[in-house]
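Novice: Handing you a structure now.
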């Protein structure tokens, strides 16, 4: 029995040791998946993501006038979660992402929507609508944001870029329907089920009238100022402020603690893209690269603002843009599931097979060592007894 005890001490044939080793291997696999950015497929998270998508589609189709309030509720819930994730998890490595342009625009839209109607200037509304449905919405295309229903991080990232433009669209093109006075005007029709359809007709009849925008003889100058110049000034103020905080005030702190920033993220994406434009941006010193990234973002902002102008004056064009914004992240999410997760699962299966093969070879080597010890010790145990389970295991 000495050989058996020696083998048990080494963990070769002890079931308890094998269970512990398997549990440790599973924990290591989970950590490796998180480090590779592979979202864990949890039923409750997947269900929540699907419910959020279904509710948004229903509200956008049936009751679009409450979309600004839905956006405010989302901001009260999701933005604190995002602040906690970026500032207090992973040692605060992503905290400087909270200074990104999308959070500035979200904050401005939230402040505008919570103001009383008397303080909502239509020119400020036009500029915020241009920012929300221009560069922020088209960032879904530029960053290829995937709506992965099983990932809370992906869902919040998509909605942060999607909902501001959707809320400002409802506020601009459906001004009467977005006020509580209009809801109160049509509310008496909900007293009985028979008049429920009349309530829908009540709110639907005023939508085209509210969506029409009067184009005065000064509309060209108004467009150039409030739909183009003011949003560009807002962008340039953000860009200078971001550069000042990241590259001047907290530069040493970021370098010492190896924190992540948007500049670093853009550089990594440029390296992976392997395009001619990326090669141009990555040439030269770090300061030149930052200037090139800022210049490219400026060009992107100007192009999206020009593309947005028709949607400001046309309700139908704005509606098509909202539909495009919904289905674009859905497509990227489907591509994420079809490509990345399947490839990750195949790679993980190959890795597990290799680990199991190494473990089998190791167990075979320990079995051989135990057999040699039994021969030299002069015991009467046979080779079959070496790996026989001991009573009480």
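Glycine is no exception: its Cβ is also placed from the backbone N, Cα and C atoms.
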Novice: Among 270-289, 290-309, 310-329, find the range that TrEMBL records as transmembrane segment.
Specialist: 290-309
Novice: Looking at 95-115, 158-178, which one does TrEMBL call transmembrane segment?
Specialist: 95-115
Novice: Compare 51-74, 95-115, 225-245, 290-309 by their Cβ pairs under 8 Å to the transmembrane segment (127-149) and return the stretch that comes out on top.
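Specialist: Checked against 51-74, 95-115, 225-245, 290-309; highest Cβ contact count belongs to 290-309.
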Novice: Between the stretches 51-74, 225-245, 290-309, which wins on the count of C-beta pairs under 8 angstroms to the transmembrane segment (95-115)?
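Specialist: Between the candidates 51-74, 225-245, 290-309, the best contact partner of the transmembrane segment (95-115) is 225-245.
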